[in-house]
Amino acid sequence: MKKHNFYAGPSILSEYTIKNTAAAVENFAGMGLSLLEISHRSKEFVAVNDEARALIKELLDVPAGYEVVFMGGGASMQFCMVPYNLLNKKASYLDTGTWASNAIKEAKLFGEVDVVASSKDKNYTYIPKGYAIADDSDYFHFTSNNTIYGTEMRKDPDVKQRLVCDMSSDIFSRPIDISKYDIIYAGAQKNLAPAGVTLAIVRVDALGHVDRPIPTMLNYATHIKKDSMFNTPPVLPIYAALQTLKWYKEQGGIAAMEKKDLENAAILYDEIDRNKLFRGTVAEEDRSIMNVCFVMNDEYKELEDEFSKYATAAGMVGIKGHRSVGGFRASLYNAMPKSSVEALVACMKEFEKQH
């Protein structure tokens, strides 16, 4: 039976990415060597690294003055790197979930942090609006998509301050006005590659203005200067990222990804809203296109374990909700085929008939 992969991350990758990466593990670029054993300094891998970064610039329409870098450490290291490199006196942060809260905690090590608004009062089930950002903030940091709670900000905030964003789980799912941002960062394991590489898009002239020494590995300038090769890069994830980027381009680019993602999410949300057994967990206007969170209606709560087993038997993988929310979560990243979403919906309908 074909499995339908709804894991929140590491998550589904396109067949194109998996097949090409698997072939390269056997024999990379006709070298007679595995991708797992080549030198990262070989001209063949340098070409991969360069092409991947160039494709990111092309797909996201990155303007002049920005550089794309690959690093290790995940988004969690970026929580530290951003304030290390940008925070002089004060930064503003929006608290919309666990990962935003973790970023705030790290930033407080480097200066004053103004949490302009938080949705913690309602277990992060909405995106705050109408907040004020101090004029003297060095930057405004937000998390565009909240994988645990299923909320998302799908538009670039219209504020005068420079933006910094954790786009780990929705980058490449919509057009972005990069010119509004100082830094965009993203762990790869949702919409790009296997875990192990982190992407950052950095406005070069935003760097070099803080009054503190920055450790070499935590300085964005280090990685920009060395073309993401300051230390040995994660070769396999970068190669897989290139395959994903090629697939995005082949599919029609970011606009095509957005159209498909919106359609997939609508199919599932429509069923959640129709089905007597289920309900969504977040404000409708803030529903994530990437991570659809839902629970059993109160009168059917006792069926939760039964549905989980039923869905698993039907080939659904990874729909258990995060422990802090409970219920279910279906992650619909860019590689998610419509057929898998339709299979989950059919499963929900059939379970409803039985109850």
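From the backbone N, Cα and C atoms, a Cβ is placed for every residue, glycine too.
The L-glutamate binding site annotation in Swiss-Prot covers ARG41. For ARG41 (L-glutamate binding site), other Cβ atoms within 10 Å of its Cβ number 9. In the three-state DSSP scheme, ARG41 (L-glutamate binding site) falls into the coil class.
Look at Swiss-Prot and you will find ALA75, SER76, TRP99, THR147, ASP166, GLN189, ASN231, THR232 tagged as pyridoxal 5'-phosphate binding site. DSSP assigns ALA75 (pyridoxal 5'-phosphate binding site) to a helical segment in the three-state reduction.
Under 8 Å, Cβ to Cβ, and six or more positions away along its own chain, LYS190 (N6-(pyridoxal phosphate)lysine) finds ALA8, GLY9, SER11, THR147, SER168, SER169, ASP170, ILE171, MET290, SER331, TYR333. What Swiss-Prot lists as N6-(pyridoxal phosphate)lysine is LYS190, and the listing cites sequence analysis.
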Greatest C-beta neighbour count within 10 angstroms, which of the binding-site residues ASN231, THR232: ASN231
ARG41 (L-glutamate binding site) versus ALA75 (pyridoxal 5'-phosphate binding site) - Cα distance in angstrom: 25
Alpha-carbon spacing, ASN231 (pyridoxal 5'-phosphate binding site) to ARG41 (L-glutamate binding site), which is rounded to whole Å: 11
Rounded to the nearest Å - Cα separation of TRP99 (pyridoxal 5'-phosphate binding site) and ARG41 (L-glutamate binding site): 34
